[in-house]
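Annotated features in Swiss-Prot:
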- 13-33: transmembrane segment (TRANSMEM)
- 81-101: transmembrane segment (TRANSMEM)
- 130-150: transmembrane segment (TRANSMEM)
- 154-174: transmembrane segment (TRANSMEM)
- 182-202: transmembrane segment (TRANSMEM)
- 240-260: transmembrane segment (TRANSMEM)
- 266-286: transmembrane segment (TRANSMEM)
- 315-335: transmembrane segment (TRANSMEM)
- 357-377: transmembrane segment (TRANSMEM)
- 396-416: transmembrane segment (TRANSMEM)
- 443-463: transmembrane segment (TRANSMEM)
- 481-501: transmembrane segment (TRANSMEM)
Amino acid sequence: MTLLSRVLGLVRDVVIAHLIGAGAAADVFLFANRIPNFLRRLFAEGAFSQAFVPVLAEYQQSGDMNKTREFIGKVSGTLGGLVSIVTILAMVGSPHVAALFGMGWFTDWMNDGPDAHKFEQASLLLKITFPYLWFVTFVAFSGAVLNTIGKFGVMSFSPVLLNIAMIATALFLAPQMDNPDLALAIGIFLGGLLQFLFQIPFMKQAGLLVKPKWAWRDEGVTKIRKLMIPALFGVSVSQINLLLDTVIASFLMTGSISWLYYSDRLLEFPLGLFGIAISTVILPTLARHHVNREGDSAKSAVDFRNTMDWGVRMIFLLGVPAAIGIAVLAQPMLLTLFMRGNFMLNDVYAASYSLRAFNAGLLSFMLIKILANGYYARQDTKTPVKIGIIAMVSNMGFNLLAIPFSYVGLAIASAMSATLNAYLLYRGLAKADVYHFSRKSAVFFVKVLLAAIAMGAAVWYYVPEINQWAKMDFFMRVYWLVWLIVLAAIVYGATLILLGVRKHHLLTKN
C-alpha cells in the first residue's frame, strides 16, 4: 500500500508539473500545499502518533476494553475540539499565515512589487487547503489506533485517496478554470475528506468507533498532551527547517520554491517508502517492549535494542543504495518524470542541483525517523526537543553560510542540519545505554556501502548524457530509466551476496 501511495504521489507531481510547471503559479500553489503537507507529516507521521501510541499501548496492556474505548473517545473529542478552533482561525487569518511564511511576497505586496499577486493568491489558496488539517488529524488518530491492533494497511492506503483526488481535479477540473492552481487546492480539500471517510468503517469493524468526548483534564489526555507538546517540535525539526526554507525562498528568484519542491518530492519517495514505513512498523513494538519492562526488564531491554538495531540495518540496506542511485540519476529522473508541458529543460537542471544537495542528507532524514522512536517509545520527549532546538538553530546558521548558493544553499543547509540531528539522537541513546550501534551492524553497513558503490559505478557507466535523454521520447526515457534501475538492483543484490549477506542478517534478533 505504501508503494502504491508513493507511485501515485509521483504521478500527481508529474501532472502538476505538466499543468503549472515551475513558474509563479507553481510557486504559489506549492507554498499553499506545503502548510497542510507539513501538518500531515507532523500529525500522521510525527508528534501525535509518537505521543499517543505509547499511552494507548498502556491502556491495551491492561486488558480492559471498555477503559480503552473510553480513552479513545476522550482523546478524539479533545483533539477534535482543539483542531477545529485552529482550523477556523487559520482560514479566517490566512493572509497572516501567507505573510508569515511568504515574507518576500508580502513585502512586494506592501510595496506594489512584481510578486504582490503571489501573496494575494496564496492567501486565497490557504483558505481552501487549511481544512485538510482537520481531516488529517482524525486520519492520523484512527490510523494510530488501527496500527496498534496490527491493521497497518488502512493507514498506508489513505494517502492514495489524496493523490487520486488531486490527479482527478488536475485532469478534469483545472481545464475548466482560469486558475489551475485553484483546482489543485480543491483537490487537497477533497482528498482530505475522502481519507477521513475511508477510515470510519474500519474503526467501526474493530469496535473502536466511539462517541467523541471533551476531556481536557482526563489523566490519559493530560499525559498525551504533556508528551505531545515537546514532541511537536522534536520530531518535526526537518519539516520546520523546510518551512523556514520556504520563507527564505520567497525572497529568491521565481521558480525557487518549485525547484525545491520537486527535489524534495523525489527524495520523499525513498524516505516515505522506507524510512517512515519502517518507523511506523517498529514504534508499537518498541512501545510494547518498554511497557513489558516491569515483567522482565533485562529481556525487554534486549528486545528493545534488537528492534532498534533491526530498524537501523533496514535503513542502511535500503537508504544507502537509494542515495547513491539518486545522485547518479538525478537529472534523468527529473527529465523523465517532469519535463513536459510547462516544465522545461532549464527547470530540470535547476531542480537537479537542489535534489543532489537534499540527497546528501537522505540517510540522515531516514535515520531520524528510527532513532526518534527510541525516545518516544519510552515516553521521553524532552531530549529530542533539546536536540531539535540545536538542529534548527544550526540550520539557520547553515542557511546564512550558504546564501551565495541561492536556493541550492537551502537544500545543503537542510542536509547538514539533518545529519547533525541524527548524530545527536544516536549519541543520546548511546549515553543512556538504550541503544548502541552493534558491531554486526557496522560490518553490515560496510558491506552495504561497498555494494552500493559498485551499483552506482555500473549505472554511471551506462547512463546516457543528459542531451541524449532530452532528445528521447517519453517511452524511450522510461525504458532507459527502468533498465538502469533493474541493472542497479541486480548489481547491488549480487554484490551483497558475494560479500556474504544472507537472510539471517536481516532478522530482528540477529
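Placed from the backbone N, Cα and C atoms, the Cβ positions cover glycine too.
Looking at which of 13-33, 182-202, 315-335, 357-377, 443-463 has the most CB pairs under 8 Å to the transmembrane segment (240-260), the answer is the stretch 13-33. Between the transmembrane segment (443-463) and the transmembrane segment (266-286), fewer than three CB pairs separated by 6 or more residues in sequence fall under 8 Å, so the two stretches do not touch. Against the transmembrane segment (481-501), stretch 315-335 shows more Cβ pairs under 8 Å than any other of 13-33, 315-335, 357-377.
Of the Cβ pairs linking the transmembrane segment (13-33) with the transmembrane segment (266-286) and spaced 6 or more residues apart, fewer than 3 are under 8 Å, so the two regions do not touch. Under 8 Å from some Cβ of the transmembrane segment (266-286) lie the Cβ atoms of residues 2-3, 5-6, 9-10, 45, 49-50, 53, 57, 147-148, 152, 155-156, 304, 307-308, 310-311, 314-315, 318-319, 322-323, 326, 333-334, 337, 355, 358-359, 362, 365-367, 369-370, 372-374, 376-378, all in the same chain and six or more residues away from its ends. Under 8 Å from some Cβ of the transmembrane segment (357-377) lie the Cβ atoms of residues 45, 50-51, 53-54, 227, 231, 234-235, 238, 263-264, 267, 270-271, 274-276, 278-279, 282-283, 286-287, 289-290, 304, 308, 311-312, 315-316, 319-320, 322-323, 326-327, 330, 383-384, 408-409, 411-412, 414-419, 421-422, 425-426, 428-429, 434-435, all in the same chain and six or more residues away from its ends.
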